[in-house]
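Contents: one structure, followed by commentary.
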Amino acid sequence: MAAMKKALLATVVAAFAIFIGHRFLKLKEVTLASREVPLKHLNCHYLDNIEYGAEDITVLKDGLAFLSTGLKYPGMPSFSDEPGKLYVMDLLHPTPTPVELQITGDLDLSSFNPHGISVYTDETDDSVYLFTVNHPQHKSQVEIFRFVEDDTLVHLKTIAHPLLHSVNDIVAVGAESFYATNDHFFTSDVLSYLTIMLGLAWCDVVYYSPEEVRVAADGFLSSNGINISPDKRYIYVSDIIDHEIDVFERQEGEQLVYLKSVAVGSLCDNIEVDHRSGDIWLGCHPNGMKLSKFDPEDPPGSEVIRIKNINSQQPVVSQVYADNGHVIMASSVAASYEKKLLIGTVFHKALLCYLK
Ligand SMILES: [Ca+2]
Ligand SMILES: [Ca+2]
Ligand SMILES: [Ca+2]
């Protein structure tokens, strides 16, 4: 009997060890832990005033770019104690320079921690609304601002809701409505890590309007960047640790219908869509393990990926820029405007590059 118990115990221990080993291999696989990217550089220079990350950037049709800077996010490095800030920059200016936006109204600026951003332009009166994910005290809420004059944002409202619990990015679809991604299922770090280890696709996209708040799509390992096609018909979501972009059709009554996933081979963070061509631009993390470990001697790299013809039968996925972290670390967004390309990062600098 004792021998049988011992044999059984040994089997259980061995099975557990295999399971843990298998999960660690899985973790190495999802983080692309052994990936090194060969350099692929462009003619670029650093943006003035951006030293502590520009996690998200969005560009309007008229060449005005908005930047969300100074993010403090659990598990990510951050090298400034200052609160986050929002900047604006005119890409049509001969020497584009980010200018800090002055925020007026009822918002606590000392705990401002901006993350994903999106702009909604009301075509009827040309008013511009800037939506910003904000994490004061590591909470998740969405701030809506109105952009007035050259450098002022008027804070209109703060939106908080239990379904908006771990918001990463948003895409505005009206003056007060948006889709938002939750990048975690649990707010606890340990449980979140477990869901990744076990490969549980429990993250979702939430639709918010003053009348209705609901889960609009789910089944993501970790839903990160989100954006919309120029004709407003398609919604794109980056499932970052699944290494793919999921495409949804937006149907009547704000219903999202899943169409397909496009593999990108990298951990792509935010999504920007070129207004003219509809091309998808992605700021990606080539190696997620280097990002979470953060060793300045072996820094996390950067990668920009473009998808052409995403709604066709044959989308074309190509790498436009790659660096090993010695020029730019942890790219999280890439935004193109005519022949210019902006690259923003989670905690490092930002680049303005020129496309051939
Ligand atoms: Ca965004
Ligand atoms: Ca997926
Ligand atoms: Ca993001």
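The backbone N, Cα and C atoms fix where each Cβ goes, glycine too.
Because TrEMBL annotations are produced automatically, they should be read as predictions rather than curated entries.
These features come from TrEMBL:
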type	residues	note
DISULFID	Cys44-Cys353	disulfide bond
BINDING	Glu55, Asp56, Asn168, Asn224, Asp269, Asn270	Ca(2+) 1 binding site
ACT_SITE	His115	active site, proton acceptor
BINDING	Ile117, Asp169	Ca(2+) 2 binding site
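Locations of recorded TrEMBL features on the structure.
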residue	record	contacts (Cβ under 8 Å, 6+ apart)
Cys44	disulfide bond	Tyr321, Val327, Ile343, Leu351, Leu352, Cys353, Tyr354
Glu55	Ca(2+) 1 binding site	Ser68, Thr69, Leu71, Tyr73, Pro114, His115, Gly116, Asp269, Asn270, Ser332, Val333, Gly344, Thr345, Val346
Asp56	Ca(2+) 1 binding site	Leu67, Ser68, Pro114, His115, Gly116, Ile117, Asp169, Asn270, Ser332, Val333, Gly344
Asn168	Ca(2+) 1 binding site	His115, Gly116, Val133, Ala180, Thr181, Asn182, Asp183, Ser223, Asn224, Gly225
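All protein chains considered, the CB of Asp169 (Ca(2+) 2 binding site) has 31 other CB atoms within 10 Å. Counting other CB atoms no more than 10 Å from each candidate's CB, the recorded positions Ile117, Cys353 peak at Ile117. DSSP assigns Cys353 (disulfide bond) to a strand in the three-state reduction. Looking only at the binding-site residues Asn224, Asn270, the densest Cβ neighbourhood within 10 Å occurs at Asn270.
In the vicinity of ligand 1, defined as a Cβ distance under 6 Å, the following of the recorded positions Cys44, Asp56, Asp169, Asn224, Asp269, Asn270 are placed: Asp56, Asp169, Asn270. Checked against ligand 3, the recorded positions Cys44, Ile117, Cys353 give no residue with a Cβ less than 6 Å away from one of its atoms. Other residues of the same chain near the Ca(2+) 1 site, with their Cβ within 8 Å of the Cβ centroid of Glu55, Asp56, Asn168, Asn224, Asp269, Asn270, are His115, Gly116, Asp169, Gly225, Ser238, Gly283, Ser332, Val333.
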